[in-house]
Amino acid sequence: QQSNVTSFSATTVAIITLEAFAGMWINAFLVCVLCFAWVKKKTLNSNEKIVLLLGYSRLCSLCVSWAYSFLSIIYPKYLYVHTVLQLAVFFQSFFNYCNLWFSACLCVFYCIKIANFRNSYFIYLKVKIDRIVPWLLMGSVLLSLAIGIIAYDIADKPHCNNHNSTGQGNFWEANIKMDKHFFPSFFLAGFGYAASFTAVIFSAVFLLFSLWRHKRTMQTNSMNSLSVDAHIRAMKSILSFVVMYSINFVCLVLKMVYVTKKGSPMTFLIVVFQYTFPGVHSLVLIFSNPKLEKTLLKILPLERSVKCKVC
């Protein structure tokens, strides 16, 4: 079947493809390095476990989202084949929520591991955090799976209602009806974003307060700055995530507004940012980890060219 592709659609697909494959490469690098470290050391610490699963979920999310976007723009009618749209929505929801909750788990882990508070409950969490992390990750996967199943069910209903409305003349009308059926899934996504965003905000606030209090103690007792450096590295990672996460949340709200406005420049900007977020934040995680940063620079031609110039 021949597709009717405009120049705007072709440009959108080209930009999305570049962003998606760049993000896939970054997250594939993250996953490969941590897997090699896992094989070499036979174990991973809690931070590496979270980052490994986060990178893997983002890699899968970008693959599924790119395939979905490509079909919806170039061959939209193929999405109305039974189970194709439903499976695409299921996997997209599952991996997106894994991405959200693994990111929140990483921020909470940073907060508990680095922040210093004398509260007995906080001290208990600090001691037990390495045992709690696997349960948090498992809970995140199960919650994401449940939401994916709900999203599958939501996507299945408009398909059943519109299976007779996919003719050439009234296809656009059926498409708008399906988009309206997706509002429950947007509200579901909004709940997940809000819950995980709350965890990120609280983690950032607690770390900021801990940093301020520790700096004040250091100035009084003339202590070393190792703990402050750890606070600052964690804060940079969390604050960068807070900024991008905030913009991502705004994009979700705008996407709800512009869901039926195909070809809108605002829709294009929303999609562009949503494909940028997984790659850029993974880059922040890489450059906030000295080992990952060193490994990345080794495989990039940049370091080689610098060495040649020095020689």
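Backbone N, Cα and C atoms are what each Cβ position is placed from, and that goes for glycine too.
Please treat TrEMBL annotations as automatic predictions, because they have not gone through curation.
Taken from TrEMBL as is:
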TRANSMEM  12-39  transmembrane segment
TRANSMEM  51-74  transmembrane segment
TRANSMEM  94-112  transmembrane segment
TRANSMEM  132-152  transmembrane segment
TRANSMEM  186-209  transmembrane segment
TRANSMEM  238-260  transmembrane segment
TRANSMEM  266-288  transmembrane segment
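The transmembrane segment (266-288) makes contact with the transmembrane segment (12-39), as judged by at least three Cβ pairs under 8 Å among residues 6 or more apart in sequence. Relative to the transmembrane segment (12-39), the listed stretch 51-74 leads the set 51-74, 94-112, 132-152, 186-209 in CB pairs under 8 A. Beyond the ends of the transmembrane segment (51-74), by six or more residues, the same chain brings 3, 5, 9, 12-13, 16-17, 20-21, 23-24, 27-28, 30-31, 34-35, 38, 44, 84, 88, 91-92, 95-96, 98-99, 102-103, 106, 137, 271, 274-275, 278-279, 282, 285, 289 to within a C-beta distance below 8 angstroms of the stretch.
Within its own chain, the transmembrane segment (132-152) is flanked in space by residues 46, 49-50, 53, 86-87, 89-95, 97-98, 101-102, 105, 108-109, 125, 185, 188, 192, which lie at least six positions past its ends and keep a Cβ under 8 Å from the stretch.
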